[in-house]
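So that you can see what the record holds, here are the features copied from TrEMBL:
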- A:61-515: domain 'Cation/H+ exchanger transmembrane' (DOMAIN)
- A:50-68: transmembrane segment (TRANSMEM)
- A:80-97: transmembrane segment (TRANSMEM)
- A:189-211: transmembrane segment (TRANSMEM)
- A:231-249: transmembrane segment (TRANSMEM)
- A:302-324: transmembrane segment (TRANSMEM)
- A:336-365: transmembrane segment (TRANSMEM)
- A:386-407: transmembrane segment (TRANSMEM)
- A:413-439: transmembrane segment (TRANSMEM)
- A:460-479: transmembrane segment (TRANSMEM)
- A:485-506: transmembrane segment (TRANSMEM)
Protein chains: 2
Amino acid sequence: LGSADGAEMMAAWILLSCAWGQGMRAEDFAMEELATEKEAEESHRQDSFNMLTFILLLTLTILTIWLFKHRRVRFLHETGLAMIYGLLVGVILRYGIPANSYHNKTPASCSLREGPTSTLLLNVSGKFFEYTLKGEINSREIHNVEQNDMLRKVTFDPEVFFNILLPPIIFHAGYSLKKRHFFRNLGSIITYAFLGTAVSCFVIGNLMYGVVKLMQAVGQLTGKFYYTDCLFFGAIISATDPVTVLAIFNELHADGDLYALLFGESVMNDAVAIVLSSSIVAYQPAGANTHQFDASAFFKSVGVFLGIFSGSFVMGAATGVVTFTKLHCFPLLETALFFLMSWSTFLLAEACGFTGVVAVLFCGITQAHYTYNNLSEESTKRTKQLFEVLHFLAENFIFSYMGLALFTFQNHIFSPIFIIGAFVSFLTCQIAIFIGRALNIYPLSFLLNLGRRHKIKGNFQHMMMFAGLRGAMAFALAIRDTATYARQMMFTTTLLIVFFTVWVFGGGTTPMLSWLHIRVDVDPDQDLQPSAEGQSKTKQESAWLFRLWYTFDHNYLKPILTHSGPPLTSTLPSYCGPLASCLTTPRAYENHEQLRDPDSDLIRGDADLTFTFGDTAITANGASGSGADAAGEEALERELDSREQELLSRGTRLVFPIEDHI
Amino acid sequence: LGSADGAEMMAAWILLSCAWGQGMRAEDFAMEELATEKEAEESHRQDSFNMLTFILLLTLTILTIWLFKHRRVRFLHETGLAMIYGLLVGVILRYGIPANSYHNKTPASCSLREGPTSTLLLNVSGKFFEYTLKGEINSREIHNVEQNDMLRKVTFDPEVFFNILLPPIIFHAGYSLKKRHFFRNLGSIITYAFLGTAVSCFVIGNLMYGVVKLMQAVGQLTGKFYYTDCLFFGAIISATDPVTVLAIFNELHADGDLYALLFGESVMNDAVAIVLSSSIVAYQPAGANTHQFDASAFFKSVGVFLGIFSGSFVMGAATGVVTFTKLHCFPLLETALFFLMSWSTFLLAEACGFTGVVAVLFCGITQAHYTYNNLSEESTKRTKQLFEVLHFLAENFIFSYMGLALFTFQNHIFSPIFIIGAFVSFLTCQIAIFIGRALNIYPLSFLLNLGRRHKIKGNFQHMMMFAGLRGAMAFALAIRDTATYARQMMFTTTLLIVFFTVWVFGGGTTPMLSWLHIRVDVDPDQDLQPSAEGQSKTKQESAWLFRLWYTFDHNYLKPILTHSGPPLTSTLPSYCGPLASCLTTPRAYENHEQLRDPDSDLIRGDADLTFTFGDTAITANGASGSGADAAGEEALERELDSREQELLSRGTRLVFPIEDHI
């Protein structure tokens, strides 16, 4: 029995059983007297049915993904597919249900002089009922509140995206980062993410402002659209999400460095874009509605940006570092605790006014670096798989929801003028985005290449340019606030841009890869070997910073936070002895003793020892010549790699304490 | 660094970072002009903080569980612990925050003649705002809506328990059922679950009605309390949840049959109680408020019970049977699909008017029986672990929420008279429950023992009597509707009963086990060996039914739905040849061919072949003598067991097609 049969069986089964259930309940309802109880049950069933729609959408997507993977179809990624299915269901929900099936009655209304409060009391002959504000409603829409109610039921609270769906996606991104390639390209990634996103945001914002002015002159724009709105749009649309491209890279084993650059950039620029957009919202010139440039407000925005970003970073990293080392015997407890801690990082950051998504990203990176080493073997597998499943489901859900939202979301009104406006702005945006991304990638790559040993080649730059897809983060940021005309316009435009980039650029990845002659089927082990070219051009400054951090991490943080690394008693100066022995766990000593044991099977060959020596040599003297430096950097990379392998094999690492060599 | 340090660090970190974040945001807020925006952000942060409270509660629970497991403390189970922590936090939330920190302002109100509608429009100078009904509010409570709002924020929509937290718990129960012991005791389990729950419900309902009449005579009862309310209470309180007892059984390796009886009974009686309670709600005598016995209404209730139960059963079993066999290469897709299908079963049943929890239970049992065999090795592990984690988190969440709800839940009013009433009803309930359970266990055990080969011994009966704890299901049923006085009383009483039984009976399990001389440290393999006693008293009828089902399952269902079992071409009559070969997958043939291969390593020893022969002998002639019957039954049991082992080892089963032996 194939899966297709399964789906068919399921569909037939749903129809059959629902028909029976409906019949049974109908007579049930006839007997019931309380209208509210009946209404509540009806609403509960409607809710269940709506959720079921989403679940079946996801099921359908998964079955089609399987078919595509089975037949090696690469022109459409699962996310693109999910959007198409969502689109179809959205069309059915909006136009398939005849309007006369609704009662078209206007609900009860009452008048008040004052503005809306979040809670309203209704007095019905002495009994009080509590009502909560749902939102403003257009005066045209009053008469079909009921139909809108149905459509609104399938639209979620935007906060759901931020609080429930995004965290697992972002955490998984941080947790599954391929560390070796990531750290090797850290400088470039950070440059692209911070400088690049800022450039992209300002270029897109300014171009869009020009277009807005033009449209206002022509009279196409019916609402207000300020400069800050344009910048805000620039920020949200700068969050790239090359999920399609990366999935194909993974499948084809494309170049590791290019993968790391793209993945790292997209992960970090999500964080930058989200903080950037909230600092733009915080930009409020002193004179209320002047909308002129205000230096103090600008610097306040910059301050907010730095404050929120660093706060979220520190919070995520700090929570990621909190360790639990004695839970080894109970993998279930360990996994549950790990899950709860990641989520509490997110909530903690939100509760404190920082950005949860950024915090959870750095929490993921830190946990992969430290906590992962403390988990039992079973928990490492469990946590990886748990987050993999959550990430997979959340991502496909968001994309199918995007498809659905195009036709069912309340706050984009379908008037011809609006659609024309949206398309015009879509096209200009697309051009603006292209220009923005070009001004991000090419000049920055040129600058970075001045300092890089491994140059970012021309075809890599073109590929990065091409891979600037927009996805879940742009959508989540756009849907968060759709109160004003400008924001509604942005939301619709963002939706169209996501569709366009995922389908067109996502589908064109494989042809583009071969057209740009980017090597595929790279053996990750072979990729490890240092390339002979360009070793002499190492910039000592950046390497020095990295080395300093590495030494500190290796000698102090790792021993304190995990069992790997040398015991603190050997790395700390002797006057810190009591503190060191108090902070070192027995297991670290065990590792240490195993090392001294000459009969141990774990002693590695000469080659490995050389690397460890090289490593220690660096830690001992940081100011050696550039030739030794290059060798040292190779050693660092190998070290990072061996750490990654260690994560997989959980073998005991061999580390000679410094004292032995000085 | 130990776990305790981790928790301390975390707490300190929260305080520190929140202080900073608050400071930063405060000046941020001062600049903002829109009150609603500020309010929305404030509410968002409050939400995050509330969620964080729960997450930290769970984290604390997990850390303490670890401590308890580490020190082998058994007097308090994790669920009891979660309740205590929840209770403490509830007290702090209710009494720790001074009342004058609230503005104590009355929200805006307006009057209408007609009854409350679900949607209300508010007209503020031409602009329309939409409000949704939250519920009736007591006229006393109007002035502290704001404080109530804070308390209500930590109380969830009761539907959350039914739609999100219960399904994983119940599904896990079905999915992790130990099939051998379960099927061996199937008859007894069904008897306890159906007859026993009905007996318990009516006994408790009637006893409570007597108490209610008495209290009304004394004047202690201030609200209405009908006979159907009493029966409803009897139904919800009959749902047992011996999670503590079973956890200790598992740890001590107590007798497998007793475990199966208790576990099976509690799982099934949850399903029975939930359907029973909704059929009692459906019982509505023709004359509106007579509250006299009405035969037609009674039979309607019975009809509703049978309809909903069988509908949910069929729906769950049917969805559990839908198979996907070609996804082996993509474990992630498989796991996601498996998860989605279980959840869609729940939603489908709810959308069709059946009971989702019952459907998901039978879906779990069916999936463990059929779908599990089709999953790839990695997916079997993944799905087990995924549901284990979900179940663990959901269960501990419910129990800590119960603790929290005692002090923060809106709908039990804390008046002295109410508390006295609740305690009186608690005590009478506890007695009623004891009587109800006694009238369930002892007479039914006596009846069952007449027909059982393995007798249910006296000490087993006492232990089952003792293990009648109340837990998550009773709570979820009670919280679902707290609109009337009677329901609020029930809710509070249920909460107190859950606390009492979990702490007192849960804590007393280990002493009780040794007092009743129930053997522990049973080797599951040794337990497999047939006990010599009582073989001659086998009831042929019940065995015959079981055997009929088993043959059908083994020869037709298993081959159609999974790859295990003999190919259909060999079990179906020859005239069904084309159909059979169309339904048989290549893998099934492979298994079959492997079997024929004399060199195969998989051929088992003589002992195993004997069992298989015995098995086939039964399928061939169902009416053999009682001696052969007993041997046959042993073979069935071994077969069930080998199936279980097969699930673990995923080895190819060896099955001789019937034709070869006749």
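Note: Cβ is positioned from N, Cα and C throughout, glycine not excepted.
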Residue numbers, six or more beyond the limits of the transmembrane segment (A:336-365), whose CB comes under 8 Å of its CB atoms: 162-163, 166-167, 170-175, 177, 267, 270-271, 274-275, 278, 308-309, 311-313, 315-317, 319-320, 322, 324, 327, 371, 375, 379, 383, 386
Leading stretch by Cβ pairs under 8 Å, where the reference is the transmembrane segment (A:386-407) and the options are A:50-68, A:189-211, A:231-249, A:460-479, A:485-506: A:50-68
Annotated stretches the transmembrane segment (A:189-211) and the transmembrane segment (A:80-97) touching (3 or more Cβ pairs under 8 Å): no
Of A:50-68, A:80-97, A:460-479, whichever stretch has the most CB pairs under 8 A to the transmembrane segment (A:485-506): A:460-479
Closest-packing stretch to the transmembrane segment (A:460-479), where packing means Cβ pairs under 8 Å, from A:50-68, A:80-97, A:231-249, A:302-324: A:231-249
Distant-in-sequence neighbours of the transmembrane segment (A:80-97), which means Cβ under 8 A and at least six residues beyond its ends: 53, 57-58, 60-61, 64-65, 68, 150-151, 154, 244, 396-397, 399-408, 498-499, 502-503, 506-507
